[in-house]
């Protein structure tokens with residue numbers, strides 16, 4: 001990953017190898033299955049990963065075992081992080097928690113590595129986004145059908161209506177990423193613009209029904225950054241965003257259905273920053289306490305940490321609740337220390353460094369994705385979450401495609 005100068009620029013991408021129908025169908029089934037918790041039986045779970053690997057092998061064989069250099073940057077970055085996470089198990093407080101997480105990281109490395117290598121050109125990049133949108137749409141219809149319309153309106157989407165494991169943030173973040181992808185296609189594709197715009201609005205509605213603040217932030221902030229950078233008339237864009245933002249906040253705080261799903265959460269967050277602990281909901285206070293605990297543990301062992309996924313062991317020993325920190329920075333600093341955290345965020349910095357200051361929708365896609373994720377990770381843990389990593393994988397690919405687009409215009 002480190003050459004003479006670490007950069008995603010000026011990479012050779014002269015040949016194009018497009019995904020075949022078989023690869024697309026397999027990828028669709030994989031993306032449906034990797035999100036849907038009700039399909040995670042051992043046979044189906046390992047089956048879809050096996051199919052993806054088989055699809056990847058067909059792709060490589062078709063292309064005479066050629067793997068483009070630009071397709072490997074994401075893989076190398078995440079492999080290095082995973083290897084350090086494996087190493088951290090040697091000094092982990094609870095090795096069982098570390099092993100559970102390492103298994104997930106290895107599976108992510110394999111599946112996303114396959115996708116990264118297959119996403120080596122503009123055509124495949126667009127195809128993978130479209131397939132991801134179809135998979136998210138199918139999964140959305142599935143969970144809405146499970147809940148029923150009446151329960152959807154009154155109780156929303158989450159554990160209370162879908163059962164254990166169907167965390168509202170999990171659904172909201174996944175659908176927010178899909179909403180942003182749909183908006184990207186709306187701005188970047190010459191055909192079916194109405195379809196992509198409606199898809200983006202559909203995923204926004206699903207996010208609202210989850211009541212996920214992280215999901216709502218991801219979708220709105222990524223879209224806002226993309227819109228602003230991609231617009232030449234900055235003053236008009238700022239004015240439009242101020243008006244739209246004011247309308248959205250007013251709607252969340254004054255329309256009963258929106259207030260009940262997410263407005264009250266925004267209100268309590270505002271109270272927290274304005275008044276401290278007074279009038280703040282319990283969830284926000286708990287998360288703040290989690291950060292305080294995490295900072296204390298990190299300061300006691302800053303270099304190597306306590307082993308990947310061992311925040312939950314430390315927190316559980318104090319509170320009796322064995323859970324993650326809900327903050328990616330704290331989770332990594334406590335788990336893999338400064339070394340592991342620097343390794344992880346070096347990938348983000350590489351993408352931002354390669355994209356910043358360049359006018360192209362692909363660079364803008366990458367920049368909007370990474371900057372928003374970095375901010376959102378204050379309230380979520382994402383280093384192991386497949387759909388967040390998929391977006392990061394696409395951001396790496398977008399840099400290479402953007403460079404090729406610029407080169408072709410010269």
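Each Cβ is built from the backbone N, Cα and C atoms, and glycine gets one as well.
Copied over from TrEMBL:
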TRANSMEM  17-37  transmembrane segment
TRANSMEM  43-61  transmembrane segment
TRANSMEM  73-93  transmembrane segment
TRANSMEM  133-156  transmembrane segment
TRANSMEM  168-186  transmembrane segment
TRANSMEM  193-209  transmembrane segment
DOMAIN    199-344  domain 'O-antigen ligase-related'
TRANSMEM  215-231  transmembrane segment
TRANSMEM  238-259  transmembrane segment
TRANSMEM  329-350  transmembrane segment
TRANSMEM  362-380  transmembrane segment
TRANSMEM  386-404  transmembrane segment
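Taken together, the residues in the domain 'O-antigen ligase-related' (199-344) have a mean pLDDT of 86 on the 0 to 100 scale.
Proximity of the transmembrane segment (329-350) to the transmembrane segment (215-231) is not established, fewer than 3 Cβ-Cβ distances being under 8 Å for residue pairs spaced 6 or more apart. Stretch with the largest number of CB pairs closer than 8 A to the transmembrane segment (215-231), among 43-61, 73-93, 193-209, 362-380, 386-404: 362-380. Ranked by number of Cβ pairs under 8 Å to the transmembrane segment (17-37), the listed stretches 73-93, 193-209, 362-380, 386-404 are led by 386-404. Packing against the transmembrane segment (73-93) from elsewhere in the chain are residues 1, 8, 99, 101-102, 105-106, 108-109, 112-113, 116-117, 304-308, 310, 313-314, 335-337, 339-340, 343-344, 346-347, 350, 383, 389, 392-393, 396-397, 400: each is 6 or more residues past its ends and has a CB under 8 Å from a CB in it. Counting only same-chain residues 6+ beyond the ends of the transmembrane segment (362-380), those with a CB under 8 A from a CB of the stretch are 169, 173, 180, 184, 213-214, 217-218, 221-223, 225-226, 229-230, 287, 326-329, 345, 348, 351-352, 354-356, 388, 391-392, 394-396, 398-399, 401-402, 405.
Helix, strand and coil residue tallies for the domain 'O-antigen ligase-related' (199-344), in that order: 116 helix, 0 strand, 30 coil [DSSP].
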